[in-house]
Amino acid sequence: MSTLKVVSSKLAAEIDKELMGPQIGFTLQQLMELAGFSVAQAVCRQFPLKGKTEAERGKHVFVIVGPGNNGGDGLVCARHLKLFGYNPIVYYPKRSERTEFYKQLVHQLNFFKVPVLSQDEGNWLDYLKPEKTLCIVDAIFGFSYKPPMREPFKGIVEELCKLQDRIPIVSVDVPTGWDVDKGPISQPAINPAVLVSLTVPKPCSTYIREKHTAHYVGGRFIPRDFANKYGFEPFGYESTDQILKL
Ligand SMILES: NC(=O)C1=CN([C@@H]2O[C@H](COP(=O)(O)OP(=O)(O)OC[C@H]3O[C@@H](n4cnc5c(N)ncnc54)[C@H](O)[C@@H]3O)[C@@H](O)[C@H]2O)[C@H](O)CC1
Ligand SMILES: [K+]
């Protein structure tokens, strides 16, 4: 296990609550925009298009979106990827009715002509072929996931596990299905090629295989004294970067 500074799922939820509480007053939309933007930047850093053939440049980034805020990060990420010249496709099997905001994120994707597939589009696996898929963005569950996993996500994750040796997975904040604090405690488990921890890594990130998984931190939205209050130092982001490779 590495000596990386991490915060538990409980503390991560407290950090979020305080950032969006009356004293600080961030809105969820603001934080999610920065979170999704960071994930898109990590995809660009890890899978640059520069110098690639037209066929490579046309490959899909397949973004799988869950029902909560981790999924919201995925919706935002897809929009930024399109702006960055990628070819994202979103699979959104269980749409959140929690807030109007999620519908707006989908409208924005329509505006950008990013396809958004629903659960009844049974052909989602057709988009997952090594010759046409650059990577998969796993924005299914983040720090509020509580096992055991329910359908349709259980079946989806099983399919992803079968594909992950051939198509790299980029996990947003927490590899879906991992216990946020204890890591990959059930099998089959996602073994991401890239993990983008948001704000600060969660304990499960210490279970990634360092040689296999590139680890980035993103979500650059807290000042030093706030980080110190929660027991960690701010990350040394360079210049205007929204991500830092750890
Ligand atoms: N400050 C930040 O770093 C920010 C992080 N963000 C992202 O938000 C997620 C946490 O979001 P939250 O809505 O609290 O939870 P999740 O998305 O992880 O999941 C909740 C969602 O999942 C359902 N669910 C839970 N367990 C199961 C299960 N076993 N089977 C099926 N479904 C399950 C639950 O019902 C909810 O619908 C964090 O990780 C970041 O990615 C924000 O963008 C804000 C800033
Ligand atoms: K995830």
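In case you wondered, yes, glycine gets a Cβ from its N, Cα and C as well.
Around the Cβ of GLY71 ((6S)-NADPHX binding site), the same chain contributes VAL65, TYR92, SER96, TYR102, ALA139, ILE140, each under 8 angstroms and 6 or more positions distant in sequence. Annotated (6S)-NADPHX binding site per TrEMBL: ASN69, ASN70, GLY71, GLY72, ASP73, GLY142, PHE143, SER144, TYR145, LYS146, PRO147, PRO148, ASP173, in sequence order.
Here TrEMBL flags ASN70, ASP138, THR176 as K(+) binding site. Mapped onto three states, the DSSP output places ASN70 (K(+) binding site) in helix. Around the Cβ of ASN70 (K(+) binding site), the same chain contributes ALA139, ILE140, PHE141, GLY142, PHE143, SER144, VAL172, ASP173, VAL174, each under 8 angstroms and 6 or more positions distant in sequence.
Taken from TrEMBL, the feature domain 'YjeF N-terminal' applies to 12-234.
Of the listed binding-site residues ASP73, ASP138, ASP173, the Cβ environment within 10 Å is emptiest of other Cβ atoms at ASP173. Ligand 2 lies within reach of none of the binding-site residues ASN69, GLY71, ASP73, PHE143, TYR145, PRO147, judged by a C-beta closer than 6 angstroms to any of its atoms. With a cut-off of 6 Å between Cβ and the nearest atom of ligand 1, the binding-site residues ASN69, TYR145, THR176 reduce to ASN69, TYR145.
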